Amino acid sequence: MEKTLPTQPAELVKPPATDIGILGWLKANLFNGWFNSLLTVIVIYLIYLAAPSFIQWAFLDSSWAANSEQCKMAGAGACWSVITANIRFILFGFYPHDLQWRPLLAVVILVLLLVYSRNRSHWRKSLFYGWLVGLFVMGLLLKGGLFGLEPVESNNWGGLPLTLLLSVFGLTAAYPVGILLALGRQSKMAVIKSFCVVYIELIRGVPLISLLFMSSVVFPLFLPEGMVINKILRAQVAIILFTAAYIAEVVRGGLQGLDRGQYEAAEALGLNYFQTMRLIILPQALKIVIPPSVSILISAFKDTSLVVIIALYDLLKTTQTTLTDPKWMGYSAEAYIFVAMIYFVCCFFMSNYSRKLERELDTSR
Amino acid sequence: MNTTQTDNNAIITIDDMHKWYGDFHVLKNINLTVTRGERIVICGPSGSGKSTLIRCINRLEEHQRGSIIVDGIELTNDLKNIEKIRAEVGMVFQHFNLFPHLTILENLTLGPIWVRKTPKKEAEATAMYYLEKVRIAEQAKKYPGQLSGGQQQRVAIARSLCMKPNVMLFDEPTSALDPEMVKEVLDVMISLARDGMTMLVVSHEMGFAKSVAHRVLFMDGGEILEENEPHAFFTAPQHERTKLFLSQILE
């Protein structure tokens, strides 16, 4: 049964074990040089201090299904039942209890559409119509009033669907507006240019909260009597206007980063302004600004939580409301960890996607 | 009769043209008539206004006085005229200026499809024809960043040719190239000249000027100081400034 080990010819001699595999990785990433080695040791020590007690709290001593009394009796561990017991209110706010399958279905449709749209080879006309149909169905599900669906006042919309609605629409609408503003700011026509400059500087000069406040308190004063514009819509418009100003500046950076020769080559071919922008300039400029754009989109997504200021119950607010219930007071750590994870998953999706896009659009290799 | 004859034959007529950048007088009293099929090489020290001159012909730069008539159309601020002229006048840049986000084939078909409204199939066939002509057809599916400088410049020439231009402008087409790539680009330009293309070339490639140019122009300080057919220009320059310039570049 014994086999003799084949002797290795010289060309099969491997590099030193410390340069490849796990050892190589450790050496290259954690212990290259005394300073990094020191940092690694310190970080490992800190993890060693913090991790066991966190695991003890979050998993070993935690209760998942207990009611609030039992949680209080149990003592030290995490009481995740604050989530499980209130999950429907946290996710859907004041949406009527027995109709909550509708916002749930709307969110599922939205997520499916987003995931499907990740792949650029799916970007066809049919996908565009798919989004139109999807948007209509989502609106219908939330609002009701057609096909025997019971109507639900938009005042009762809340939680996750509201957060996603405000951010997905806010961001998709803000991006084109931002591009137009950036192009306008570069325009040779003085009126357009100064309008865009004033708009951008004005909006960037005020906090989002004040814009939301104005849209909800000041703006209605100017409307004719009896005319009411939906509160969610007003918040949505405020978010779009706000985000667009930031997008505009980022896109302008991309436009300026392009070589002057690209404009000249396009012009020399006889392309007009709109063709030049659409076919030559914007595809390149927008590619350059993917990383800063995504930063803005991520922060805008998180900023939607500021709509609490005008009494909209987004995901964060419904969570906070749960915590004001005397039964569940004092479990804020668990509740906030939960919403933080939802926010994190969404933001991670965005940044992950942006890296994928960058890789796919890189034509320099 | 004779005058109409010359007028018909002239494809570019520049008359008493001046241009300023702010207060700086870059082009002074330019008069130049280019006939169909004529090949002109423009040389001169840097900053002499030679690039600016040919960039005025497709209005990448605007002139302030005098007139430029290209193929019977006067260059004014009328955008429609400018776009029409740009489609007739091909331009090749020092730094190639290919569109890096498009494949070679897409670079070539973009103009015909969007400006000339050529059907995609036909535009692609034309593009492949010209890619063959500049001997680079096998790279059609690649992106500009994957090609060498010389290859990129040949693609840039093919891109201009796809628009079926009447005039080709070359703005220092070989000065950004590594020395061993200059020849492959010049060869393409020479074969273009053999086909009878009207060409205005800003270049210091004196060999090229000698072999294909009908006329050589020398510019300095924004003026055309001297013009002559190549042999006389190189052997018996009239102007002191020209002599100095030639002695410097030919040594």
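Glycine too: its Cβ is placed from the backbone N, Cα and C atoms.
Automated prediction, rather than curation, is the source of TrEMBL annotations.
Taken from TrEMBL, the feature transmembrane segment applies to A:34-60 (among others).
The transmembrane segment annotation in TrEMBL covers A:72-94 (among others).
For A:100-116 (among others), the entry in TrEMBL reads transmembrane segment.
According to TrEMBL, the transmembrane segment annotation covers A:128-149 (among others). Outside the transmembrane segment (A:128-149), and at least 6 residues removed from its termini, the chain residues within Cβ reach (under 8 Å) are 99, 102-103, 105-106, 109-110, 113, 116-117, 157, 161, 165.
Here TrEMBL flags A:160-350 as domain 'ABC transmembrane type-1'.
Per TrEMBL, transmembrane segment is recorded for A:161-183 (among others).
Note on the transmembrane segment (A:195-223): residues 181-182, 184-185, 187, 229, 231, 234-235, 237-239, 241-242, 244-246, 248-249, 303, 306-307, 309-310 of its chain, located 6 or more positions outside it, place their CB under 8 angstroms from a CB of the stretch. The feature transmembrane segment is assigned by TrEMBL to A:195-223 (among others).
Annotation source TrEMBL lists transmembrane segment at A:235-255 (among others). Distant neighbours of the transmembrane segment (A:235-255): 165-167, 169-171, 173-175, 177-179, 181-183, 185-186, 196, 199-200, 203-204, 208, 211-212, 214-216, 281, 284-289, 292-293, 296-297, 300, 303-304, 307, 310, 312; these residues of the same chain sit at least 6 beyond its ends, with a Cβ under 8 Å from one of its Cβ atoms.
Residues or ranges marked as transmembrane segment by TrEMBL: A:288-313 (among others).
Taking Cβ pairs closer than 8 Å, the transmembrane segment (A:333-351) reaches residues 78-80, 82-83, 90, 114, 160, 167, 294, 297-298, 301-302, 315-316, 319, 322-323 in its own chain, all 6 or more past its ends. Marked as transmembrane segment by TrEMBL: A:333-351 (among others).
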